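Trainee: Sharing a structure below in C-alpha cells format, with a few things to ask.
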Amino acid sequence: MADFGISAGQFVAVVWDKSSPVEALKGLVDKLQALTGNEGRVSVENIKQLLQSAHKESSFDIILSGLVPGSTTLHSAEILAEIARILRPGGCLFLKEPVETAVDNNSKVKTASKLCSALTLSGLVEVKELQREPLTPEEVQSVREHLGHESDNLLFVQITGKKPNFEVGSSRQLKLSITKKSSPSVKPAVDPAAAKLWTLSANDMEDDSMDLIDSDELLDPEDLKKPDPASLRAASCGEGKKRKACKNCTCGLAEELEKEKSREQMSSQPKSACGNCYLGDAFRCASCPYLGMPAFKPGEKVLLSDSNLHDA
C-alpha cells in the first residue's frame, strides 16, 4: 500500500461505503494509524453520513476515499464539495472510482475526464490522474450489485487533488504604495529632444526639402461648385399635395414656405382707395366709413355698426 505522503501527527479521514469489505477497511485503518502515530488521528466516515457528520472546516490533512480494497465507490458533486470543505489549506485528496472508457450520457458512472472536472469544480487544484487498473471479476460483480451498472468498458482510476493554500471566501488586506502627488506649481521637466521634435520654425517653412501639402490641391473642381439648394433637399421633403417641411428642416424648404405665407398674408390685407383709413380722422376722406373711429393697425379687423353704414 502506498503511504500517500502521510506523516506523524497528521489528521487523516478514510471514506468508505457499503461495498467496502470490513476486514479490508480495518487493515487499512491499522496501517494509517501506524503512520500518523499517537499525535495524529485517523477518522472513518461512511460516504452516506459524511454530509450529516458536520465536520468543522479544515479538519483533515489528507482524505482517502474509495481506496479500501474491493470498494466501488461513486462520488457525487455534493460529496466532493464537502471533502474540499473539510480539507485543510494545502491538504490532499486521494480518490479511487470506477469509470467508463466510453462516453455514455445515460450512465451514472462518469468518465475519467468528467471525474477530474468534478474535482476541479469542487474547489481543488493540481488535479491529476495517478494510475488506471482493470477491475477484477469480484469488483465487476460488486459494481453490478451495489451500483446496478453493467458494462464491458469499466476500469478503476486513481486521482489526486489539492486544496489551495487559502480558505474559500477568505480575504486579506492589500498594502498599496500610494505616492504623493506633486505640487501643482511644480511643472514636469521637458525633454529637449522631444520639444525639438515637435517644434516647427519659420525657417522650416522656407526649406525646400520640406514637403508641405497644399490643402487646396486636395479639392476637386466639383468640390468648389456651389450646390443647388434643390439638390440638398431630402427625397421625401415637400412631397404630397400640401407641401410641408420636415422637422428640423435644413434644406431651406421651411424658410421658403414661411416667405410664401408672409406674401399671402400681405396680399390678403384689405386696401382702401386712399390707403390712409387706419391713420385716423385727420387722414380720412369725407365719405370714409371709419370717420369718428380711432386709428387702427393695417389689416386689423374693424366692425362697423348699421348706423355707420347708413351714414356712409
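Cβ atoms here come from the backbone N, Cα and C positions, even for glycine.
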Trainee: Which of the listed residues, Ser19, Ser76, Ser215, has Swiss-Prot annotated as phosphoserine?
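Mentor: Annotation hit in Swiss-Prot: Ser215.
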Trainee: Which one of Ser43, Ser142, Ser170, Ser177 shows up in Swiss-Prot with the note phosphoserine?
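Mentor: That would be Ser177, per the phosphoserine annotation in Swiss-Prot.
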Trainee: I need the CA-to-CA distance for Ser177 (phosphoserine) versus Ser215 (phosphoserine), whole Å please.
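Mentor: About 51 Å separates the two Cα atoms.
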Trainee: With DSSP assignments reduced to helix, strand and coil, which class does Ser215 (phosphoserine) get?
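Mentor: DSSP call for Ser215 (phosphoserine): helix.
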Trainee: Across all protein chains in the structure, which of the binding-site residues Cys249, Cys251, Cys277, Cys288 has the highest Cβ count within 10 Å?
Mentor: Cys277
Trainee: At the level of the C-alpha atoms, what whole-angstrom distance separates Ser215 (phosphoserine) and Cys246 ([2Fe-2S] cluster binding site)?
Mentor: 36
